[in-house]
Each structure stands twice: as structure tokens, then as C-alpha cells.
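What Swiss-Prot says about this protein:
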BINDING   479  heme binding site
CARBOHYD  332  N-linked glycosylation site
CARBOHYD  434  N-linked glycosylation site
TRANSMEM  9-29  transmembrane segment
């Protein structure tokens, strides 16, 4: 090692140490002065991990629900390095937090780790940059646009049916199939075509992974494992980001591929749009209706103020954003739907009867939306098995959060609001709210699609963008693609439940939910295999 290299490393080490000491001092001051210290909650389990180890060891949200039962609607628990973290199920407080997106933003730690993989796309940016991106992207996710894309959803759902029929023909029926694997392939193919008219061809039995598919796989695996020690330290201590590691190199290589291919797509689409504007008639087909094309069209509109336009870099950042947001959540939600149907055979058959009541294998968006029991099954799946069980916000300024239900602080004083200090983290309990007995009744944990025939009045106060639940959040940062996801999910369930009968391949107690950013199924006795949902599948034969 040269003298120069040694000096550089020493300089980085000194800088990293200085930043670490400074951050430690700031954190100690925040812990000591945060108003959250006066809120009741569970005892600290560990100085370094706080209560996080026990949270990660438990099923998603189970521990939080126990804390609510013991300590009340508004509590605090300990996060990294014993930092206080606010947790409330008060719907007025949650509505306030979600509707004030400037004052309550994603934490810098999460933004860095996600941003390293995804770039500065809609999932990452905050404030005016987020509003600018969302303003341009909103039209691409409207009902009319999703209606045009439904054909892709149905086509790929039918291709998944063929994919599974091929597996059944090889092993006999019923065949044990990991449905999560097939659903992930299907949703990746959908977002490729519907997102930017690119064919991943994941469901092609004889196909080979293409370059963009491989790059996305590398980036997605990096997202799954971001909470390891060195990436965590790099997020907390910026000078460490200058030190390369294997994960960073893999991400950089994959992003280089994605950037090159993304810019090729953007350049091609811009040229096509400009040619059409110059007088060449553009073909009115699905190729011109993908989300990226619609985004570029909106961005090139002549009546759009220059200050509202996105740069090519901003447009490019939406490619990995589309892939991640439009792929993993829908595949997992549909997997949990199939799981729920195996645990309620009468619901599965009632749903199948409804799906066979319409005389087509290629339903439109309107036909899918006119099936009431399918709607109820999707709503109940998203309520009980929310793909994203929680999220985090950080107070960007000192503030006072209003409450519906007062709490008694550690000094015995009744408080009708929550005081927070700049930097205080806040846990947003999506799944806890979705299955709160106080809101939904004593059967809140049960999968009962019939509940949607008459929902309790209390759920009207839940601050969600859809169906009186928080699965797609609410406020200015509510999921922009929720209509896309719901119609894709309906198309999948329509095709699969018409075509097959499903049973769980292992005892129900073997299925557990992995506590990650997205709620994934695992088999308790087969953890080494990673996320999977093995079902016994056989073709359904009409009488």
C-alpha cells in the first residue's frame, strides 16, 4: 500500500470518527431532551438495539399490538442506540402526520439505503422535488390509463396459468408449487411491459434472463439485505461512503446497466413522441400507453411551465422505482390472498363461483370492478395481510400532534396532544391499524370478506387513500400506483382461482411472516430456502 493510500485511509478514518462522535453527542442530547421520554412504553431491552431485536423476532406487528393492550394507544419504545420512537394508533394523530408530509418525512437512514439502489425517484425524494415528480406522474396512474393496461395484466395472468399447468404436467396433480416464485415472475413481466414497454420474459419456460432482468435482480437482492452493519454505518457516517465494498460495487455495476438501458428507452420514447407531435401519426396501441411514455409525454407538454419539468435524470430515476414499487408488493399481496383462500375453502369456492359467472376469460377493468365478492376478497386481503406492514417518519421540526384519545404520561399527567422535537422518529403502524379490534371489532384478525357488506363506523376515521385502511397510506405521499396494483391483483386472482384449486402444502403453523420492508411468507422448518409459499395446486374442472 502506498503512502498516499495510507494517508487517504487515515484521513477517512479521522473524518469518520469525528462524524461518529458528533452524531453520538447529538443523539444523546436528543434522547435526553426529547418530549417522547415522558410517554409510557415497554422497558428498554438492550442499549444498542433497544426493543428492535424483540420486534424483529416476533411476527409482524404482534409485539406492537401487545404494547397497545398494555400501555394504551400512544406509547414510546426504543430504537437504535436506545433512541425514543413514537408509536400511536390514534387515527387523528396519524391523519395529522400523514397529511403534513413536509413536517414528517422518511428518515435519512432509509432514504440513503433506498436511494443508493433506486436513485432519486418518487419513493425517495421529499418536499418540492416530490411534489414536482408526482405532479407529472399523476396522470399516468389515473383510471383511464389503468383501464388501457388491464389487457397486459390479464394476458400475463393467463401466462402464469400456463406456467403452473406445465409444472403440474411434470409432477402430477396436485403439484406442490411455490406460488410466490411464479407471482414474482408475473408481476415483473407486467411492470416491464406496462411500465416501459420492456419484455422481461420471466414466465418464458425456455427463456434466459436478459441484461436488465439480471441488473434488477442484483439491485433487488441488495434492497433485501440493506440492514447489515457496514451499509448501516455508511448511512449514519457519510465519510465511510467513500470506502468501497462488495455490495456497493454490485449495486454500482447494476445501476450502470440500468442507467444505460433506461436512457436508451427514454431517448427512444422522446424521439417517437416528438415525431408524432411534428405530424407523424402515432400508432394507438399499448406500446404508446406504458407508464414511462405517459410520463415523458406529460413532461414534454407545451403548456407545462419550464419550472415544473423533470430532468432526464429525474425521469430515469422512475425506472427502478416502477420496478420495485410495482413488482414486489403486488406479488406478495396476491400470495397472501391465495394463502387466505386455502384457510377458508368456502370463501375460495364462493369466489370461484362468482368469477365463473361472467362469460369471458379476458375481463376488462370495469368487468373486474363489477365483481363484488372479488372486491371484498381483495379488500380483506389488503387489510389482514398488508404487504407493507409499517413505515417510519421523522419530525423535521418541533411540533404538537393532536389526539382523539388523551394518554397519561409517566408523571401521571393527562395529555391531549403529543409534543415532538425535530429528529424524533415516528412508527406508522399500517398493519396494527388495519386489524385493530377497537376499530374493526373482536374478529379483526379473522379473514372475513363478508365484513365489507357493512363496515363499522369507527373505520371511517382511518387516514387511508383506499377502502378505510392504511395499506396504501394516505395524504400527499399515499401510493400513487394503488389503482394499478389493485387491478393487476384482481386480474391475477380472476385467472388463477378460475383455473385452479389451492390447498396449503404445509401445516398452517409452519407459515410465518418475515419482518422486512415487504411482508413475505416463509416456511418455519425450511428457513434456509428463503421466502416461499408452497401450495398444492390442481386444475379446477367445472361440473
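Cβ coordinates are placed from backbone N, Cα and C, and glycine is handled just like the others.
In three-state terms derived from DSSP, the residue listed as 'heme binding site' belongs to neither a helical nor a strand segment and is classed as coil. Spacing of residue 332 (N-linked glycosylation site) relative to residue 479 (heme binding site) is 16 Å (Cα to Cα, whole number). In the shown protein chains, 25 other C-beta atoms lie within 10 A of the C-beta of residue 434 (N-linked glycosylation site).
Under the three-state DSSP scheme, residue 332 (N-linked glycosylation site) falls in the helix class.
Note on residue 332 (N-linked glycosylation site): other Cβ atoms within 10 Å of its Cβ, all shown chains, come to 26. When the Cα atoms are compared, residue 434 (N-linked glycosylation site) and the residue listed as 'heme binding site' turn out to be 16 Å apart. Annotation note: residue 434 (N-linked glycosylation site) sits in a helical segment as assigned by DSSP.
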